[in-house]
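Below is one structure, written out as structure tokens; comments come after it.
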Amino acid sequence: MHCAQYTAGRCRSCQWLDKPYPQQLADKQHHLESLLAGHAVTQWLAPVFGRESTFRNKAKMVVSGSVERPLLGMLHRDGTPVDLCACPLYPPSFEPVFTVLKTFIARAGLTPYNVARKRGELKFLLLTESTYNGELMLRFVLRSETKLAQLIAALPWLQQQLPQLAVISANIQPVHMAILEGEREIPLTEQQALPERFNQVPLYIRPQSFFQTNPPVAASLYATARQWVQEHEVHSMWDLFCGVGGFGLHCAGPETQLTGIEISAEAIACARQSAEQLGLKNVSFAALDSTRFATAEAQIPELVLVNPPRRGIGRELCDYLSQMAPKFILYSSCNAETMAKDISLLAGYHIERVQLFDMFPHTSHYEVLTLLALRR
């Protein structure tokens, strides 16, 4: 993959771009195998990968420059703006959208936030595309509500220029820190969920819910989880840290008792919408802390699926799972190092199979799916 900004030394987000892609995959696999070297693994499966470019469904653009000539991209470590509108990770459909958005910023008078001076209003633009129907979700991250009326007044022009814009919102982030978004989200369209579909499973993305950024590889990850679970004829399961419900909704059959837990109420609203559309009657989702929920339960399902943030599931939940001893633990991780630490705490389990999913080409990051089975 060629990137002009990388070649010019302006962007180093893809820190492995100089490394041939087969070597990237081999290095990631070696890293994963070294982390699990102290454990017997019954089956290692070949890494799953997708496209090397144009795979991202989401752009997080810092807005800088002037209101008349806004720049979208990132700030270099020396504080100068780097234009990322032509970033090769984005689908080709994004660049013309960015062109329209620059014009809109000027028309609406949305002054870009100046980090050095701590002045201005528009901090970020967050753009997400559905691979299911091409609809877009756009979030304006503002320092305050000062320019909100101007933004709303100018929206009809933007919607006319970009009819694929289905979900629009404003997020208020008043803090002068490198924080992407604030807690307050103001919906600006009636529709507030972007429909997505992986493997015939309807999923929904709301403004403040997490969703994978590499749809083709994410679809493979969910399909693999479903296959592994179905092979063991599981009738009851928990989906902890469930997000919008992607894993649980893939794995649950009509008779499966599924409980999905996620701290984000936005994500839970998406999961419930999907479950209703699928007609699943034995499924429930709740906006709770996953560890608090699990450790308060006296009954354990046959399988516990965990998909934690980078910190892993931690000692408390590992100790609880070891004590309650579900037959299977399906662990999906975006940080294999914390996953390996957690597995070391689950001494009553052996690793049945492991597979790497390269969700983040040209970086050292990857996802991994691991099936743990209770030792007989």
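Numbers run from 1 along the shown chain.
From the backbone N, Cα and C atoms, a Cβ is placed for every residue, glycine too.
If you check Swiss-Prot, you get these features:
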ACT_SITE  Cys334  active site, nucleophile
BINDING   Cys3, Cys11, Cys14, Cys87  [4Fe-4S] cluster binding site
BINDING   Gln212, Phe241, Glu262, Asn307  S-adenosyl-L-methionine binding site
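Projection of Swiss-Prot feature records onto the structure.
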residue: Cys3; record: [4Fe-4S] cluster binding site; Cβ contacts under 8 Å, 6 or more apart: Cys11, Cys14, Leu17, Cys87, Pro88
residue: Gln212; record: S-adenosyl-L-methionine binding site; Cβ contacts under 8 Å, 6 or more apart: Ala218, Leu221, Gly246, Met359
residue: Phe241; record: S-adenosyl-L-methionine binding site; Cβ contacts under 8 Å, 6 or more apart: Ile261, Glu262, Ser290, Val306, Asn307, Pro308, Pro309, Ile313
residue: Cys334; record: active site, nucleophile; Cβ contacts under 8 Å, 6 or more apart: Pro309, Arg310, Met359, His365, Glu367
- Apart from the site residues Gln212, Phe241, Glu262, Asn307, the 8 Å Cβ neighbourhood of the S-adenosyl-L-methionine centroid comprises Phe210, Cys242, Gly243, Val244, Gly246, Phe247, Ala267, Pro308, Ser332
- Message: Please list, in sequence order, every residue of the chain apart from Cys3, Cys11, Cys14, Cys87 whose Cβ lies within 8 Å of the Cβ centroid of the [4Fe-4S] cluster site.
- Response: Gln5, Tyr6, Ser13, Leu17, Leu84, Pro88, Leu89
- Message: Under DSSP, is Glu262 (S-adenosyl-L-methionine binding site) part of a helix or a strand, or is it coil?
- Response: strand
- Pairwise CA distances across Gln212, Phe241, Glu262, Asn307 (listed as binding S-adenosyl-L-methionine) top out, in Å, at 15
- Excluding its own, the Cβ atoms lying within 10 Å of the Cβ of Glu262 (S-adenosyl-L-methionine binding site) add up to 28
- Query: Ranked by the number of other Cβ atoms within 10 Å of their own Cβ, which of the binding-site residues Cys11, Cys14, Cys87 ranks first?
  - Reply: Cys87
